[in-house]
Amino acid sequence: MNQSLLASFGSSEERVIAALDTFKQGNGVLVLDDENRENEGDLIFPAETITTEQMAKLIRYGSGIVCLCITDELCQKLELPPMVAANTSVNKTAFTVTIEAAEGVSTGVSAADRVTTVKVAVADNAKPSDLHHPGHVFPLRAAENGVLARPGHTEAAVDLARLCGYKPAGVICEITNDDGTMARTPELVAFAQKFGYAVVTIEDLIAYRTKYNK
């Protein structure tokens, strides 16, 4: 990661602290992975507090593939099997079958409908029958032990939520440029500065968790 591009957001640890502070308030955090991996930035919100306005931001400025990052425990509770039997994706992204709230939504596509689906999935009393398949929200199963086990945005979302005292679930979407191409670090920094988002890298989160044994 080109650290010079992130200098305005502070040191590695300062970036994590700022990200945790803003996430605790229910605000979004922009998480960047390694330039040799996906080289993308995901805007992430806590699943249990996400608003329709925040979801609309993800849809407006993201790829449109809004994902709900959750633990294996919740996947099992909701009986969400893997999307495919043999995962051949480069980064082994653990998609499950897609979901839609069984009640309270229309077509499931709008920002409000997707928020409803997310809230239903992470509710304390959630059960398999609360969800229909397929749907317009894409659950992702996080690796146990988070970014220390897999340096992905899925794990970063769950780690951020857990570290902030939320249920271990986050809503993410990759940020894109206006022309539809993927936003890279320079564009992501400009995006964060324009909208006032905290920026943190997965490398930052790994270092923080390792240092403080969290």
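Easy rule for this one: first residue shown is 1, then count along the chain.
Cβ coordinates come from backbone N, Cα and C, glycine included.
Listed in Swiss-Prot for this protein:
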BINDING   ARG37, GLU38, ASP42, ARG150, PRO151, GLY152, HIS153, THR154, GLU174  D-ribulose 5-phosphate binding site
BINDING   GLU38, HIS153  Mg(2+) 2 binding site
BINDING   GLU38  Mg(2+) 1 binding site
SITE      HIS136  site 'Essential for catalytic activity'
SITE      GLU174  site 'Essential for catalytic activity'
Which Cβ among the recorded positions (HIS136, HIS153) has the fewest C-beta neighbours inside 10 Å?
HIS136
Spatial neighbours, same chain, of GLU174 (D-ribulose 5-phosphate binding site) - Cβ under 8 Å, 6+ residues apart:
GLU40, GLY41, ASP42, GLY62, SER63, ILE65, HIS153, MET182, ALA183
So among the binding-site residues ASP42, PRO151, who's got the most Cβ atoms within 10 Å?
ASP42
Distance [Cα-Cα, Å, rounded] between PRO151 (D-ribulose 5-phosphate binding site) and HIS136 (site 'Essential for catalytic activity'):
25
Is ASP42 (D-ribulose 5-phosphate binding site) helix, strand or coil when read with DSSP?
strand
